[in-house]
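Here is what TrEMBL says about this protein:
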type: DOMAIN; residues: 219-358; note: domain 'Nudix hydrolase'
type: BINDING; residues: 261, 277, 281, 329; note: Mg(2+) binding site
type: MOTIF; residues: 262-284; note: motif 'Nudix box'
């Protein structure tokens with residue numbers, strides 16, 4: 001049996017319980033300290049690291065009598081991020097000491113910043129981390145820690161999207177607690193996207209429950225789309241890039257003309273994503289956003305909510321390229337007049353649904369936007 005001292009996110013007992021797969025009431029846990037060490041926020045990350053500091057004391061929790069199965073789960077959750085167990089001696093509240101092990105990061109792996117605050121972390125990241133851990137631990141025994149760690153950014157984006165969906169108003173005509181019954185939930189595949197399957201029933205319009213049905217969904221999360229529009233010049237900017245899914249579908253022309261688009265990172269609003277992506281993909285500085293819609297582009301198959309915007313911009317003096325090289329993006333842009341855009345829409349040239357949605361909204365609101373800019 002093993003004794004571990006937790007200094008960071010796993011001090012949050014609900015998260016520790018989820019990772020271990022058992023109730024905290026069954027854990028032999030107590031408050032403890034590790035003198036000569038401090039816990040500090042990792043720069044640019046939502047978690048801390050522990051460091052040796054002669055003038056500091058790390059607060060934490062000592063959990064004793066952990067089984068080999070517990071250690072296997074913990075190593076899976078922590079191992080892909082460069083953390084390894086090392087022996088230490090911790091101090092208990094009664095002044096006694098106890099041997100323990102701590103997950104230390106590899107030397108030089110992370111750059112640390114200010115002292116870490118557990119309560120502040122729980123308020124900002126606790127719920128998201130719980131949801132992300134649910135997905136991660138579903139692959140325990142099916143993938144390696146390193147494989148899951150490579151997918152963790154997309155896991156966190158899906159967790160953020162799920163929390164955002166839970167916060168939106170429900171439908172007063174449907175009580176989810178009574179009108180949908182989930183018999184099984186399988187996380188079938190994990191990579192940049194994920195695939196999930198359910199056996200479920202839903203309440204039909206005649207009041208009865210449907211038969212048990214098997215349904216699956218490609219899990220993407222949520223994204224922001226912005227069509228830059230210059231109301232002074234009456235022009236829009238489109239970007240073109242190779243898209244693998246149309247190619248896999250057999251599309252003869254998988255280079256797609258689209259608005260600027262990007263996934264929403266955890267802690268970022270859709271508006272912030274739209275402004276950031278416009279700069280990264282097209283070099284456009286958005287002056288103001290006009291909200292168009294929040295839509296599921298294919299609600300029967302794709303679990304992705306897209307926030308669509310028109311981005312009021314100055315489209316003069318752009319260089320026609322963009323994208324983030326580290327993300328494998330190779331993007332070109334072009335500027336069209338409004339009339340050219342709508343000829344393309346009417347001629348069914350464009351195959352990207354958010355582009356068509358944004359263009360049709362612009363057709364209804366163009367006069368207002370032009371008057372406001374004059």
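Cβ atoms here come from the backbone N, Cα and C positions, even for glycine.
Packing around residue 281 (Mg(2+) binding site) is summarised by its Cβ count: 25 other Cβ atoms lie within 10 angstroms of its Cβ, all protein chains included.
Listed binding-site residues: 261, 277; maximum Cβ neighbour count within 10 Å falls on 277. Mean pLDDT for the motif 'Nudix box' (262-284) in this predicted model: 96.
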